[in-house]
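Have a look at this one.
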């Protein structure tokens with residue numbers, strides 16, 4: 001493998017070779033995504049889910065119904081008219097994460113994400129354990145093992161960006177897209193400026209927690225009872241690894257940014273600070289959501305497991321409620337039933 005990499009570098013140059021490995025990784029994860037879909041559900045694709053279209057149709061129908069009602073029974077005053085409009089709450093796409101309309105796609109996407117988490121998390125741990133200089137010199141030390149890890153993960157992130165944008169448009173994925181863009185920016189800095197490889201590999205240690213995070217999401221998507229032993233074990237391991245590999249790593253990287261300010265150019269320090277602060281903030285939000293979802297912040301903030309209904313059983317539908325091309329009225333019904341029928345489990349938004 002190393003000889004092949006050296007041969008390609010000699011033939012193409014270092015930068016084209018890096019792009020080639022990212023493309024190979026992207027193609028691998030795209031192919032794996034379709035293989036998982038076919039293996040689990042016997043289908044390659046499902047209808048695209050666009051929450052914003054559904055919400056707009058709900059609003060148009062609501063306005064139309066309100067106008068018709070006002071024509072038949074006009075309100076006596078403006079206050080009464082305002083109360084009529086506010087009776088039905090505004091839909092929120094985050095609520096749809098508890099019973100995803102595109103449930104089969106979500107399951108296949110989580111499976112591929114879980115596979116990447118296992119590979120990249122263990123790879124990052126191996127690199128840090130066996131290449132001590134990565135830990136001792138986070139800025140300048142470079143090695144092929146860590147570089148190849150970054151290129152592989154970049155290909156996966158590009159794949160996941162495409163998969164999210166093609167299959168779902170909702171507020172739920174905005175956080176994921178933000179996370180992916182931040183991480184890809186960190187990858188670009190370390191690959192094109194030949195610095196901070198150790199910082200990036202430390203960040204990829206967070207994937208060790210993602211193993212249990214994606215496992216937890218899969219259990220939620222399959223409607224596993226949160227009181228079952230399997231769910232409790234995964235939830236416990238998720239919280240332990242969250243503290244060890246997300247919060248502790250984030251704290252260490254923030255410390256590194258602060259102490260390295262005198263040794264780095266001002267603009268480099270700003271870039272480092274923005275990237276690491278963004279990751280630290282997303283990890284903080286994730287921690288809060290997990291604590292709330294597991295009931296550790298009180299019963300009022302506890303999130304329920306997705307309800308097991310006939311419409312959302314994985315084995316019975318093609319793609320959740322949006323299994324076929326439906327009329328506008330069906331779109332409205334789907335959105336309202338999903339929004340009011342359950343409570344969000346926010347761990348699925350990560």
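Any Cβ shown, glycine's included, is placed from N, Cα and C.
Quantities reported herein were computed from a predicted structural model and do not represent experimental measurements.
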Transmembrane segment per Swiss-Prot: which of the ranges 229-249, 313-333 is that?
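Feature transmembrane segment in Swiss-Prot: residues 229-249.
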Looking at 65-100, 101-136, which stretch does Swiss-Prot describe as region 'Disordered'?
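Within the set 65-100, 101-136, Swiss-Prot attaches region 'Disordered' to 65-100.
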Would you kindly list the residues that approach the transmembrane segment (195-215) from elsewhere in its chain, counting only those six or more residues past its ends and only Cβ-Cβ distances under 8 Å?
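Here the qualifying positions are 110, 113-114, 116-118, 120-125, 127-128, 134-135, 137-143, 146-147, 149-150, 153, 183, 186-187, 189, 234, 237-238, 241-242, 244-246, 249, 252-253, 256, 268, 272, 276, 279, 283, 347, 350.
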Restricting to the domain 'TLC' (102-279), report the mean pLDDT as a whole number.
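A mean pLDDT of 93 is what the predicted model shows over the domain 'TLC' (102-279).
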